[in-house]
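Pulled from TrEMBL:
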DOMAIN    13-437  domain 'Enolpyruvate transferase'
BINDING   Lys28, Ser29, Arg33, Ser174, Gln176, Asp326, Lys353  3-phosphoshikimate binding site
BINDING   Lys28, Gly101, Arg129, Gln176, Arg357, Arg404  phosphoenolpyruvate binding site
ACT_SITE  Asp326  active site, proton acceptor
Amino acid sequence: MSHANTPTPRRFQPGAPLTGRIAVPGDKSISHRSLMFGALAVGRTTAKGLLEGEDVMATAAALRAMGAAIVRSDDGTWIIDGVGVGGLLQPETALEMGNSGTSTRLLMGLVASHGVTATFTGDASLSKRPMGRVTEPLSLMGADFTSSPGGRLPLTMRGAHPAVPIEYRLPVASAQVKSAVLIAGLNTPGVTRVIEPVATRDHTERMLTGFGADLSVEEIDGTRIIDIRGEAELKPQDIIVPGDPSSAAFFVVAALLVPGSDLIVANVGLNPTRAALFDVLRAMGGSIEELDRRDVGGEPVADLRVRHSELSGIEVDPAVAPAMIDEFPVLFVAASLARGRTVTTGLDELRVKESDRLAAMAEALTLAGANIEEREDGLVIEGTGGEPLRGTSGERVTTHLDHRIAMSMAVAGLASRDGVEIDDTSPIATSFPTFEALLAQALAA
Ligand code: S3P
């Protein structure tokens, strides 16, 4: 599945404050994993609040092509009848991954220890992204790959059965690489070990434990050692997917920046491996209050009350980067209106996301009138001290098939004098199909 081929430009204008209450859709990472682990369980898994974005739908389609039955019931609950670990079938056609790196890399882990051959294809953005980071450890487990030049998609892989357990130290802080190896470990006899020097989002560990896998995590001096024992038998689960903090981020920053805003963003997942943006924004002076903190499906969740605030620039500790890796584009927007200088470092990974997010945001924000210096591993931003950005006139911001560039620059438009015109809103549907409707709701409340 892939979003519309015809670009849909739109100008995002300054206007009313953001008020009332909105609830963001389900977490993308947890939604992908709900489908994958449900497909590998024996019996029926249900998932409520699943994100119905294009990326997650690409995962569903691929799992169906490999034998799982996945349907949406009328009340919005997703029902997954799993094939059991080891039970995946040979897909008859290529697995079309659209824009989704998470679908691709995690499913490659899944195929790696099953005796099936699968071809992965993707859109122009995904076809530029590095896959060597997963093909390398999965090759050590016995899978075989024929990739396009540079280790990219389209790529055909043959899974190994039985696969060989490995001990793998992650060379990059990547939850996708960690998860690919652990998922391959599910159908590999013996213990597969991943050593993670820098913690990344831990949904795979939490959820596989919930599904009954024999998985342990030990932490020694900040390094995490994760062991999974195959061949696992997963027990089906009834899952409630919390709201996605990465989607909430756009509304939180918009409410901080637009004068008069007082918005409640409900049902926001606050897993500590995901929620660093909110801490950074508070340290900048942002008023973000947690209401009704609770537990949803094993994850901490709260409603966030966000009020317009005067922000100050900050030096962001690179150690927190993995816990807000998808939130830097919108943090750059916040920094562009803060008082003083914001410095970010250690963000090389942003160059291999759906776009090169350092270059794309530097270009886009500069076009909108912000003061940005692009460095090798981060941006340095001199904020306006609360003055709206100028906005764009005549030229359009290029989103490079990247949903988060599109939504970040939409927020910049709300906080500008003349509005910001972006070249294409269609990539937003990959992760947040209701973004524009919720924005209209918050502006009209
Ligand atoms: C994700 C991990 C992150 C993140 C992506 C989702 C996941 O990617 O950027 O949006 O669900 O595991 P990396 O592992 O490449 O950092």
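Note that Cβ sites are derived from N, Cα and C of the backbone, with glycine treated the same way.
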Cα distance (Å, whole number) from Arg129 (phosphoenolpyruvate binding site) to Ser174 (3-phosphoshikimate binding site): 14
Arg404 (phosphoenolpyruvate binding site) to Lys28 (3-phosphoshikimate binding site), Cα to Cα, whole Å, comes out at 13
Please list the binding-site residues from Ser29, Arg129, Ser174, Gln176, Asp326 whose Cβ falls under 6 Å of any atom in ligand 1. Ser29, Ser174, Gln176, Asp326
Between the two most separated Cα atoms in Lys28, Ser29, Arg33, Ser174, Gln176, Asp326, Lys353, the residues recorded as binding 3-phosphoshikimate, what distance in Å do you get? 19
Select the closest residue to Asp326 (3-phosphoshikimate binding site) from the following binding-site residues, measuring between CA atoms: Gly101, Arg129, Arg357. Arg357
Hey, what's the Cβ neighbour count for Lys28 (3-phosphoshikimate binding site) at 10 Å? 24
Of the binding-site residues listed (Ser29, Ser174, Gln176), the greatest number of other CB atoms within 10 A surrounds the CB of Ser29
If you skip the near sequence neighbours and keep only those at least six away, which residues in the chain come within under 8 angstroms of Lys353 (3-phosphoshikimate binding site), Cβ to Cβ? Gly101, Arg129, Asp326, Asp402, Arg404
Would you find the one among the binding-site residues Asp326, Arg404 whose Cβ has the most company, meaning other Cβ atoms within 10 Å? Arg404
For the domain 'Enolpyruvate transferase' (13-437), what's the model's average pLDDT? 98
For Arg33 (3-phosphoshikimate binding site), which residues of its chain lie six or more apart in sequence with Cβ-Cβ distance below 8 Å? Leu106, Ser179, His203, Thr204, Met207
Using a 10 angstroms cut-off on Cβ to Cβ distances, just flag whichever of Arg129, Arg357 is the loneliest among these binding-site residues. Arg129
Over all shown protein chains, what is the count of other CB atoms within 10 A of the CB belonging to Gly101 (phosphoenolpyruvate binding site)? 22
